[in-house]
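Q: I have a structure here, written as structure tokens, and I will follow up with some questions on it.
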Amino acid sequence: MPAHLLQEEISSSYTTTTTITAPSSRVLQNGGGKLEKTPQYVEEDIRPEMKDDIYDPTYQDKEGPRPKLEYVWRNIILMSLLHLGALYGIILIPTCKIYTLLWAFAYYLLSAVGVTAGAHRLWSHRTYKARLPLRVFLIIANTMAFQNDVYEWARDHRAHHKFSETDADPHNSRRGFFFSHVGWLLVRKHPAVKEKGGLLNMSDLKAEKLVMFQRRYYKPGILLMCFILPTIVPWYCWGEAFPQSLFVATFLRYAIVLNATWLVNSAAHLYGYRPYDKTISPRENILVSLGAVGEGFHNYHHTFPYDYSASEYRWHINLTTFFIDCMAALGLAYDRKKVSKAAILARIKRTGDESYKSG
């Protein structure tokens, strides 16, 4: 489809928005660790059917020391072995056939989109709707990524938004870079994560047969899609050596996808600008967006979690938005939620850090 026609298709499907002016409060954490209250406004009610990913300013951490960390040694050992295998895969890259490298890159893109367009923007935030063929594709691609099943991923992510930067946030960035990057997967969840996560309304995903099917058969699914298939195809189809197939196409590719996603939780909460809301931790981080196919515009995303682009700028360093728009042009995605420019500019004027550049 010509670019101008695709652009018309994109514009024609945006959801009409309604402005509301009810303010609430938000906690501001500044560089010195001081906490203060600052107004937060919800500009548009463009996704009235779900509110469990909207920040809850009333929740506060309980006073007193955190519970002692309980290490999950199985995860520590498996993650260590995976990354050792990935390092060996880097050494093997010069000995790989070009088809193997292309295969690994394609598998990385597919699995990344399964997380970003699937688990994140579709199932966690309901920022757009997808017809059955697209949902099937996204469930398969998400299984290729092996980052917990969609139900668990979405539950943790909704808790991350609703209770951001508190003990009920599964990967609370106030606990440091390592914890928010991978450490949270190596220890037992904080009791507040279990308590508050268990209270979230997950009825939409419980009613989604594909999501429940994936959850039921997740272990054999990830064994096949994340490990066996990416290893067997290069070895069988074009005669790649088995070590290159295993360590490059599987271990290295999987480790890259994992770390690209983790950087959204760590680097994009610590490094970058906050043009939309300086009162929250998430930042705009272009490097993260490159690796995570469009998920690095994190200050925007936490300010407007109901926007299907997770960014103001649609396709700018945002392969996921491009993918969703292409699916919309094919009739497979629809009802894409998009925040109006007026609402964005109004929010920037109220809470931005003055780093905003229109474009």
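One-based numbering along the chain as shown.
For all residues, glycine too, the Cβ spot is worked out from N, Cα and C.
So Swiss-Prot lists these for the protein:
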type     : residues                                : note
TOPO_DOM : 1-72                                    : topological domain 'Cytoplasmic'
TRANSMEM : 73-93                                   : transmembrane segment
BINDING  : N75, N148, R155, D156, R188, K189, W262 : substrate binding site
TOPO_DOM : 94-97                                   : topological domain 'Lumenal'
TRANSMEM : 98-118                                  : transmembrane segment
TOPO_DOM : 119-217                                 : topological domain 'Cytoplasmic'
BINDING  : H120, H125, H157, H161, H301            : Fe cation 1 binding site
MOTIF    : 157-161                                 : motif 'Histidine box-2'
BINDING  : H160, H269, H298, H302                  : Fe cation 2 binding site
MOD_RES  : S203                                    : phosphoserine
TRANSMEM : 218-237                                 : transmembrane segment
TOPO_DOM : 238-241                                 : topological domain 'Lumenal'
TRANSMEM : 242-263                                 : transmembrane segment
TOPO_DOM : 264-359                                 : topological domain 'Cytoplasmic'
MOTIF    : 298-302                                 : motif 'Histidine box-3'
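Mind mapping these onto the model and telling me what they sit next to?
A: For the transmembrane segment (73-93), the residues of the chain that approach it from at least six positions outside its boundaries are 101, 182, 185-186, 243-244, 246-248, 251-252, 254-256, 258, judged by C-beta separation under 8 angstroms.
DSSP assigns R155 (substrate binding site) to a helix. Neighbour list (R155 (substrate binding site), Cβ cut-off 8 Å, at least 6 residues apart, same chain): G197, L200, M202, L205.
Counting residues 6+ beyond its ends, the topological domain 'Lumenal' (94-97) has Cβ neighbours under 8 Å at 234, 238-241, 244, 248 in the same chain.
According to its DSSP assignment, H161 (Fe cation 1 binding site) is helical. Listed in sequence order, D53, I54, Y55, H302, P305 are the same-chain residues six or more apart from H161 (Fe cation 1 binding site) with CB atoms under 8 A from its CB.
A mean pLDDT of 97 is what the model gives for the motif 'Histidine box-2' (157-161).
Counting only same-chain residues six or more apart in sequence, the Cβ atoms lying under 8 angstroms from the Cβ of H269 (Fe cation 2 binding site) belong to S173, S180, S281, P282, R283, H298.
A sphere of 10 angstroms centred on the C-beta of S203 (phosphoserine) encloses 8 other C-beta atoms.
With a cut-off of 8 Å between Cβ atoms, the residues of this chain six or more beyond the topological domain 'Lumenal' (238-241) that come close are 95-97, 99-100, 249.
Counting residues 6+ beyond its ends, the motif 'Histidine box-3' (298-302) has Cβ neighbours under 8 Å at 55, 161, 164, 264, 268-269, 272-277, 280, 282-285, 288, 310-312 in the same chain.
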Q: Would you count the other CB atoms within 10 A of the CB of D156 (substrate binding site), including those on all shown protein chains?
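A: There are 20 such Cβ atoms around D156 (substrate binding site).
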Q: Would you mind listing, in sequence order, the residues at least six apart from K189 (substrate binding site) in the same chain with a Cβ closer than 8 Å to its Cβ?
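A: Listed in sequence order: P170.
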Q: Excluding H120, H125, H157, H161, H301, please set out which residues of the same chain place their CB within 8 Å of the center of the CB atoms of the Fe cation 1 site, keeping sequence order.
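A: Close Cβ neighbours, site residues excluded: D53, R121, S124, R158, H160, P305, A310.
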Q: I need the nearest neighbour of H125 (Fe cation 1 binding site) among the binding-site residues N75, R188, W262, using C-alpha distances.
A: W262
Q: Give me the long-range Cβ neighbours of N148 (substrate binding site): same chain, 6+ apart, Cβ under 8 Å, in sequence order.
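A: Result: D156.
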Q: Counting other Cβ atoms within 10 Å, pick out the least crowded of the binding-site residues H120, R188, H298.
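A: R188, out of the binding-site residues H120, R188, H298, has the fewest neighbouring Cβ atoms within 10 Å.
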Q: What is the three-state DSSP composition of the motif 'Histidine box-3' (298-302), stated as helix, strand and coil residue counts?
A: 5 helix, 0 strand, 0 coil
